[in-house]
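Marked as heme b b562 binding site by Swiss-Prot: His83, His182. Residues or ranges marked as heme b b566 binding site in Swiss-Prot: His97, His196. The feature ubiquinone binding site is assigned by Swiss-Prot to His201. Look at Swiss-Prot and you will find 33-53, 77-98, 113-133, 178-198, 226-246, 288-308, 320-340, 347-367 tagged as transmembrane segment, backed by similarity to another entry.
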Amino acid sequence: MTNIRKTHPLLKIVNHSLIDLPTPSNISTWWNFGSLLGLCLMIQILTGLFLAMHYTSDTATAFSSVTHICRDVNYGWLIRYLHANGASMFFICLYMHVGRGIYYGSYTYLETWNIGIILLFAVMATAFMGYVLPWGQMSFWGATVITNLLSAIPYIGTTLVEWIWGGFSVDKATLTRFFAFHFILPFIIAALVMIHLLFLHETGSNNPSGIPWDSDKIPFHPYYTIKDALGFLMLILMLMLLVLFSPDLLGDPDNYTPANPLNTPPHIKPEWYFLFAYAILRSIPNKLGGVLALVMSILILAIIPFLHMSKQRSMMFRPISQVLFWILVADLLTLTWIGGQPVEHPFITIGQVASILYFSIILILMPLVSLVENKILKW
């Protein structure tokens, strides 16, 4: 008798994507981050749902409702900190996942890669709007500064900003709509994840060598289900260590002060996972130029597949490209550090050098080095 998982219309889909899926036998731990992102999304949706049951999106009561969640709701503090630190884990996994894609040439799966970029933008938008909801000082001023960037768009900028605000400043209307968007976006993200997986399963997974090897595929279950389970365990362990021992480690103390439009904090900065982009934005003295650089710092990922000059897909056997890749990682860490520093000497110069280096590595150096490597290998 045929197994029900192979005949039932719904179970068949699960079977083809999680059980009998032919998977390369040599994929490393770097391939764990996809499933970890799925776990992060589930944690965020669940904790977010319970937070939304007690939160009020009104400027007068938003801050107190978050305080009430932490003090009066059963395990409210746990739900709140799981949600806040869960976002940090989400971005750690996201950046690792994208880094893996660049290192091993997974960007040659164009549809999967492009949906991934849309997902990255959607998650960033969701995180930004979520940061506004507690209505602390950094929430308010972060929302003011970032939405104000749109005023750099010629002709329609100012009108666009006021339209997003729902008034002439960040106020009740802004908070309410941000809450609405913050609630709906994760479900849109979940739908996009399905499309991301659909396109991935059209081609099958890439592997560290970058060489397609259909004769050496193994079933996803039990080999990779157990491997993913180990990843889940490690992620939950790290998240719990963060939540239970230092829940405010990655947050900003200013956000424990209720929003006050009359008092600007000395240093306005976003959460740590946006600091690299914020540093690139600040490194350009012109407002429109800065906004374009900010958008391009992420959108540049869409150009990467067209700059692939190497005859090999993966960087596994390309030592010069590997060095360049790790310089890029170090550069991004430098930008993250600079984004959290005040705008003064020497941080301004370091930020500008790091920003130029970031774009130079991706747009100029990586394609050139690939051509040199081809030459060395007499290809």
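Placed from the backbone N, Cα and C atoms, the Cβ positions cover glycine too.
By number of Cβ pairs under 8 Å, the transmembrane segment (226-246) is matched best by 77-98 from the list 77-98, 113-133, 178-198. Ranking the binding-site residues His83, His182, His201 by the distance of their Cα atoms from the Cα of His97 (heme b b566 binding site) places His201 first. Only residues 6 or more beyond the boundaries of the transmembrane segment (113-133), in the same chain, are considered here, and those with a CB under 8 A from a CB of the stretch are 55, 57, 62, 66, 87, 90-91, 94, 97-98, 101, 106-107, 139-140, 142-143, 146, 174-175, 178-179, 181-182, 185-186, 188-189, 192-193, 195-196, 199, 270-271, 273-274, 298-299, 301-302, 305.
Of all Cβ atoms in the protein chains displayed, 14 besides its own lie within 10 Å of the Cβ of the residue listed as 'ubiquinone binding site'. The residue listed as 'ubiquinone binding site' and His182 (heme b b562 binding site) have their C-alpha atoms 29 Å apart, to the nearest angstrom. A Cβ distance under 8 Å defines the sequence-distant neighbours of the transmembrane segment (178-198), meaning residues of its chain 6+ beyond its ends; these are 17, 37-38, 41, 44-45, 48, 52, 55, 57, 112, 115-116, 118-119, 122-123, 125-126, 129-130, 132-133, 143. Rounded to a whole number, the C-alpha distance linking His196 (heme b b566 binding site) with His182 (heme b b562 binding site) is 21 angstrom.
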